[in-house]
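Here the structure comes first, spelled out in structure tokens, and everything after it is commentary.
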Amino acid sequence: MKHLQTRHYHDFSKQAANLIINQLKAKPNSTLGLATGGTPKGMYEVLRHSKGDFSQAVTFNLDEYVGLSANHPQSYRSFMEEQLFEHIDVAFSYIPNGEADDLEVECQRYEQLIKQYDGIDLQVLGLGHNGHIGFNEPGTPFSSRTHVVDLAESTRQANARFFKHYEEVPSKAVTMGIETIMEAKQIILLVYGEDKQEALERLMNGEVDENFPASILHQHPNVTLLSGGVKMPHY
Ligand code: GLP
């Protein structure tokens, strides 16, 4: 795992955005895997103002809440529209449909779509405090494909800041599985802020263990970890 450290959020975001822009320069019709959450907002801001050409790129988001309509302000579809898609011209963007009548069928459909594009070239990931990637909570099998998950209480609490009331935070989501994520040709893991340092340390020093989903990334051949935001630990 290649590890790049920056102190300031703007530099961190610029580095992340540059990795995406370089990918698009090398392969304009790239398939990009995208993430939501607070961490990548700066990256999306840089991308919104960049001259990156997304016109041939296809994007797949990692996950979506179950039960929120696409136009609900807290759906990940709304997040992505606001952060990126309303501002750039992307060939096609896919996000799981958390309102599908049959969520199992939706999960299979999503897997098939990714396959149709020959997999994901570059996947952006954030890191949950408990080590989750996408919405793959601790204990999720490393062999998982796109599936429906029950969100951990701690994850609902962490994401409650985006909702008016805690009770509004959905308790389920559809997420790409860990194996789905691991099949991406390249991965960027974004970890920023003091509150993520414990998780970062566990990632760097802990075992590869299903109880800390991000640990599997040590077994991927092409991961860039971008971290920053506090006094820099020395690894
Ligand atoms: C959510 C998302 C994850 C994201 C994580 C961390 O649970 N499903 O994809 O990585 O939150 O988010 P943040 O960047 O806000 O800390």
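Note that the numbers count up from 1, one per residue, in the order the chain is shown.
Cβ coordinates are placed from backbone N, Cα and C, and glycine is handled just like the others.
The domain 'Glucosamine/galactosamine-6-phosphate isomerase' annotation in TrEMBL covers 12-220. As annotated by TrEMBL, active site, proton acceptor applies to ASP63, HIS132. TrEMBL lists ASN130, GLU137 with the feature active site, for ring-opening step.
When pLDDT is averaged over the domain 'Glucosamine/galactosamine-6-phosphate isomerase' (12-220), the result is 96. The DSSP secondary structure for ASP63 (active site, proton acceptor) is strand. Screening the active-site residues ASP63, ASN130, GLU137 for a C-beta under 6 A from any atom of ligand 1 leaves ASP63. In this structure the alpha carbons, written CA, of GLU137 (active site, for ring-opening step) and ASP63 (active site, proton acceptor) are 12 Å apart. Calculated from their C-alpha atoms, the gap between HIS132 (active site, proton acceptor) and ASP63 (active site, proton acceptor) amounts to 12 Å. Across the fold, the C-alpha of ASP63 (active site, proton acceptor) and the C-alpha of ASN130 (active site, for ring-opening step) stand 17 Å from each other.
Taking every protein chain shown into account, ASP63, ASN130, HIS132 are the active-site residues, and of these the Cβ with the most other Cβ atoms within 10 Å belongs to HIS132.
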